[in-house]
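What Swiss-Prot says about this protein:
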- R48: NADP(+) binding site (BINDING)
- R125, S126, S127, N238, A239, G278, K293, P294, T295, S296, S297, R319: FMN binding site (BINDING)
Amino acid sequence: MSGNTIGKLFTVTTFGESHGPALGAIVDGCPPGLALSEADLQRDLDRRRPGTSKFTTQRKEPDQVRILSGVFEGRTTGTPIGLLIENTDQRSKDYAEIARRFRPGHADYTYLQKYGIRDYRGGGRSSARETAMRVAAGGIARKYLRERLGVTVQGCLTQLGPIELGIKDWMAVDDNPFFCADPERVPDLESFMQDLRKAGNSIGAAVTVVARGCPPGLGEPVFDRLDADLAHALMSINAVKGVELGAGFASVMQHGSEHRDELTPEGFASNNAGGVLGGLSTGQDVVTRIALKPTSSIVVPGRTIDTEGEPVPVVTKGRHDPCVGIRAVPIAEAMVALTLMDHWLRHRAQCADVQPETPPIPAANR
């Protein structure tokens, strides 16, 4: 299997399966001298960790990360950073019934068609369990971006099923189990999710991630545009079915006179571009939004076929998220941070000496 590495200069390779003994990652290209400890990575892992609320999967994993290499006396050495998280709460017996039948909406069928073999225990490599390592690796990128460049990356839930959510208070995001920046709507979310659980069903969601403080010029046209690489990174997250930057699909309804982000001596007048023009960052907030499908791991009976091609019923057992979008917030943050980190190193390698005659202009008022 290839395709397990992301990045050009700041690379992350992950390994491991949902019910294997452990998950791991190799982070290569991190500059030396960055103060780094396991505690620096644990905060975001705890935000993603399963079993932290009644609205997510009840699989109990401590997700304690270990740094195996690349750090000496509390600082990165410039060598590959090895990360490891042990799996401790596998219940593989829950998946015995699907060993020879395909769950609709999952990768069971496609993995078997491609490889001729599949790990049916919790989806194996295709499980979102793999994203724990992305969050750990993303913690390294986030720390570097924040401390060396002043770049911050923050996400929140902006829609859960029919409930649209505003971004009213970023400080409230970590104070509720939904990563919601619209705290007045939290009771509505709780009520909706309780009804959903009773029905044994699932729901989709949307997550918005905003990166602030990005310097202008990040991106490599034409095929490694910043927006293209952000879309690539975000689409690699399990269950993501769509990615927007800035106004996104709403651009279809805008006139050019509205959509263009006019430049003034005081700064950009708007940010419909989402902080990227011509594949390069503008210095404005980089604003991304992802749509996540509802998981098909539900107890509502459905139809499928077995490995012999015969029709069989399917009811998913095991422990699953009724809305995968909730725990996707720290995952999406990590993927944005990893992309920005890689592009910063690439920009620095080629354009460190560039001094444009026009200084950067301020971002639009948020």
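Even glycines carry a Cβ here, placed using N, Cα and C.
Fair warning: this is a prediction, and the values are worked out from it, not measured in the lab.
Overlay of Swiss-Prot annotations on the structure.
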residue	record	DSSP (3 states)
R48	NADP(+) binding site	helix
R125	FMN binding site	helix
A239	FMN binding site	coil
K293	FMN binding site	coil
Compile a sequence-ordered list of residues in the same chain as S127 (FMN binding site), six or more apart from it, whose Cβ lies below 8 A from its Cβ; state 'none' when nothing qualifies.
E17, S18, N238
Around the Cβ of R125 (FMN binding site), how many other Cβ atoms lie within 10 Å? Please give the count over every shown protein chain.
19
Rounded to the nearest Å, what's the C-alpha distance separating the residue listed as 'NADP(+) binding site' and T295 (FMN binding site)? Just drop the number here, would you?
17
Which is it, of R48, K293: the one of these binding-site residues whose Cβ has the most other Cβ atoms within 10 Å?
R48
So which of the binding-site residues is most packed in, judged by how many other Cβ atoms lie within 10 Å of its Cβ, out of T295, S297?
T295
Which residues of the same chain, at least 6 positions away in sequence, have a Cβ lying under 8 Å from the Cβ of A239 (FMN binding site)?
A128, L292, K293, T295, V324, G325, A328
